[in-house]
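Trainee: Not my notes, these are from TrEMBL:
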ACT_SITE  His311  active site, nucleophile
BINDING   Lys313, Lys511  substrate binding site
ACT_SITE  His509  active site, proton donor/acceptor
SITE      Ser532  site 'Interaction with DNA'
Amino acid sequence: MASAQDSVAFLTALSTDGSVDGSVPPLAVYTGENIFGRDDCHVFGKKISRKHLRLTAWSDEREDHFDVYVLGPNPVEVFSGRGKVKVKPKECCVIGDTDVIYFLPNDLPFRLNVCHRKECSTVSNTVVETTHRTITRVISTSVPSAVSKDVNNSGVKKRHLADDEGAWNQLKEEINWHRNDANAGTVPMIASGRSLKPVEIPASKLRRTKFSLNFPPSSFHLLHTTGLPQSANSGCVRLQDVIEGDVQVAILSNYMVDVDWILSECPLLRRIPVIMIHGERGGSLDLLNNRKSKNWVLYQPPLPISFGTHHSKAMLLLYETGLRVVVHTANLIHADWNNKTQGLWMQDFPRKTSLTHRVSSGFEEDLVEYLTHLKVRLVASVPGYHRDRDISKFGHMKMLQLLKDERFDSDFVRSPLVFQFSSLGSINEQWIDEMRSSMSAGKTTSGDDLGIGEVSFVWPTVEDIRCSLEGYAAGNSVPSPQKNVKAVQKSYWAKWRADHCGRGRAMPHIKTYARYNGQTLAWFLLTSSNLSKAAWGSLQKQNSQLMIRSYELGVLFLPSTVQRAVGSTFSCTGNAHSKEIGRAEASTFSENEYQQLRGRPGRLVTTNWEDDPSFEPFARLPVPYSLPPPRYGPRDVPWSWDCVYTKPDIFGEVWPRDVQFYAAQGPM
């Protein structure tokens, strides 16, 4: 459990007479972003929003500061020695010690009690562990400055924010978002609009993952999951954290799109040009056409081979200063961005100058080639029959091409592989060997082949689905029929275990592939590709042709691309970051130490990695499942969504629902 020294303040519930209401536990306030609402206040009426307000705590050399921003549709009132002020939705107010916040319209009072500075922990010397920052070099580091304006109203500082929260993004530059929370008590779990019973998550099962919430503009993150302890969501991102700032044009690529939901989450998309590349069909496509904004252009890529889908999940956000590239695993629907385990990578690229327009990188070339096939590099899949030189451009043959040119530590010789996915196609042992061969490519630094590794398939059991945050409803997003599941030998199956990041009950929609030794990674792939021939391709005509049915997209993390530079990185939104070395107190490096550091090879590790990093640069990736993944036991049954399950789930419901409807939806 987090101690009082982990927090900088508390929100204390008050009774109508102004005394402390002992029936409501105090709400801890941590440095950075804190979101409070209905569940935190122990009020379950709809008048208080689930995310009613955001309280941001930050410090300068003189004092602590606290900003209240109203997220929900209902306002709050702030009472202080300077008077009373009503803070409406999309407005921000600065508060101080002993000020009282009333949640309207329920008139729930909470008093801010600030800890004495000597009693509160600081974040200046905490380890801000960064993830992999780049797959290609950043050409320019010029970042525009941002200015925020204050409006004085009744003696209370108040910031008026636009719908797209542009001013809020400026304010974030002043804030240290690092959250050092390990609070793991009884928390309410939310799924599908229904409240679950409180679930105990022992603090011993949650590691302190010290990711910065003010995330670097190029990094790999898990998505924020509703109902988890703050420590489990530290460093995780929401859709609003990605589509932010002064976006000029947005190109969104996905399979499923809930246009009403995405417009409510990001009102900015109502006002700017949006190109939506999608995979919707039938009635879902009709709905998308009818509900989209006038500024949207829909594009459905051609599918030249039957049973293919447009499954790539990505965003290209154009700013005046550059381009934000995002690759992720979530459909653009509420459940995917709130209830499941998902992953996201993004990087900001500056506009090229007259001096750099001829300079390119492998990443840029991959991206351009993929977009060219969409008619509008990375590890991508594009439908077609790929031969000759094109055979190594896509699918698992692209992985083979990239890995065989890498040099890895000798510890990875014949080391195991893990394939983690949320849909299983019709595969056989011959194709599994084909995939394993490509994924086992690479040589040691001495030139020896790494050799074929043993493979584990991380896949939820029936019991995992039944007891998940969504109950059996989570099985809709794990769409594999029994005939495909039964075709896989039981020796491959491994359990979804995610206690270290608090996501044991948040079913995976993320797709990852990796080679590992302990908690050190040879490489790691975040992708939209499930385990299927349609996504990865299959060799034909005596291995001279690769046939792919679907569009897919992923990013590959390699030790050779671990960032070694200490300095600011480019951000389209003006949030530059420094000291990206994965070591505590990186600012204490001497020039000689830094020069030694530059010559060392990079390293990829998980959040469970505990070795002494010394001066070796490393990227700590938030791999959401345990390594090595535990094998299935004799009673474990892999999930199949077309079977009948009569044991009630956590909501008292049984399975199936309308299986035929969901079977028509594809791999998701």
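Every residue gets a Cβ built from N, Cα and C, even glycine.
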Trainee: Can you tell me how many other Cβ atoms are located within 10 Å of the Cβ belonging to Lys511 (substrate binding site)?
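Mentor: Lys511 (substrate binding site): 26 neighbouring Cβ atoms within 10 Å.
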Trainee: Tell me which residues of the chain lie with their Cβ under 8 angstroms from that of His509 (active site, proton donor/acceptor), as long as they are six or more apart in sequence?
Mentor: Thr329, Ala330, Asn331, Asp336, Lys340, Thr341, Gln342, Ser422, Ser477, Met668
Trainee: Lys313 (substrate binding site) has how many other Cβ neighbours within 10 Å of its own Cβ?
Mentor: 27
Trainee: Going by a 10 angstroms cut-off between Cβ atoms, which of the recorded positions His311, Ser532 has the sparsest surroundings?
Mentor: Ser532
Trainee: Cα distance, Ser532 (site 'Interaction with DNA') to Lys511 (substrate binding site), nearest Å?
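Mentor: Here the two Cα atoms lie 12 Å apart.
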